[in-house]
Amino acid sequence: KPQLVASNDHFCRFLEEYCPVVTETYYPTIWCWEGRVQTLLRPFITSRPQVEYRNELIKTADGGQISLDWFDNNGSLYYPDASTRPTVLLLPGLTGTSKESYILHMIHQSETLGYRCVVFNNRGIAGEDLLTPRTYCAANTEDLEAVIHHVHNLHPSASFMAAGVSMGGMLLLNYLGKTGRDTPLMAAAIFSAGWNVFESVESLEKPLNWLLFNYYLTTCLQSSISRHRQMLEELFDMDLVMKARTVREFDKQFTSVMFGYRTIDDYYEDASPCRKLKSVGIPVLCLNSVDDVFSPGHAIPVETAKQNANVALVLTSCGGHIGFLEGIWPRKCTYMDRVFKQFVQAVFEHGNQIFSM
């Protein structure tokens, strides 16, 4: 059984009644129960539901642009009126876009419930051009704030929540820690967030983890900016950035410099959501596996979570990073997908009961 950590009895009872998956025994796929195996295999094993997006490019205050991919769900039987159709904002991981299989599954789950989804693609990675020499990071929430207000202004009468995966979850937590209750979001779901960036990079620099994940992730980061090299080399030594062999080296030469941090440690401190969890002012459900090498179990802020009545942690002993595979042949729904579906439905259909039970 997963461990449910929540100090608010009302929130606990709400989850037990309307999101019972968080109290059910999770049976990981028996032939890939180890966290690294789950992490590596999920992208290859899980199916990719067909989703047709409507793309929208929005301008930012600094002259840049952000690519949003909308799944309008105009065929919704439960919410035929688009103005009041509940909306889920989805935030992919570090180099992820709206094409990731876990995002497609979240949209598929939302479609069956009648909801609308919009995917926030970080700057420069979804095929759109960079208009300014700026990309993104886990600590800077300006683009996310712009997207949230844009979506809310388009559909002010629609219930609105967000779900973030991996770095998307870290960014969402950092935004919620900054805004407290001053947000149009009703609630949020967080999956496989890295709570303490220092602990995450240290775990990823262990020899086997570097070989399996770190080097590949670094090359993905480099690929995401190489297309914009001409724009970026005005401000950065791109040859040095392209020589990075770890995420830490990339962040030292590129990310921390871009966002004006004096040192990489200053950036990692600011990017770590564990520092802001106490300030979250809306209901948040966070799913982590304690065998996630991207977010080691000992770094999950259990005691801090207990001090905020808005926060609930669901911790599984197995599942890896965005893995949570279950069943003999886990092609379709994962445990993470089921948590997402039940919690989103609970918030939209029964959200007024979270703190009034």
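For all residues, glycine too, the Cβ spot is worked out from N, Cα and C.
Per TrEMBL, the feature domain 'AB hydrolase-1' maps to 86-327.
There are 26 other Cβ atoms within 10 Å of the Cβ belonging to Ser166 (active site, charge relay system). The active site, charge relay system feature in TrEMBL is assigned to Ser166 (among others).
If you look up TrEMBL, you'll see Asp292 (among others) marked as active site, charge relay system. With a 10 A radius on its CB, Asp292 (active site, charge relay system) counts 28 other CB atoms from all the protein chains.
If you look up TrEMBL, you'll see His321 (among others) marked as active site, charge relay system. Under a cutoff of 8 A between CB atoms, and with a sequence separation of 6+ in the same chain, the neighbours of His321 (active site, charge relay system) are Gly35, Gln38, Thr39, Ser166, Ser192, Ser289, Asp292, Val293, Phe294, Ser295.
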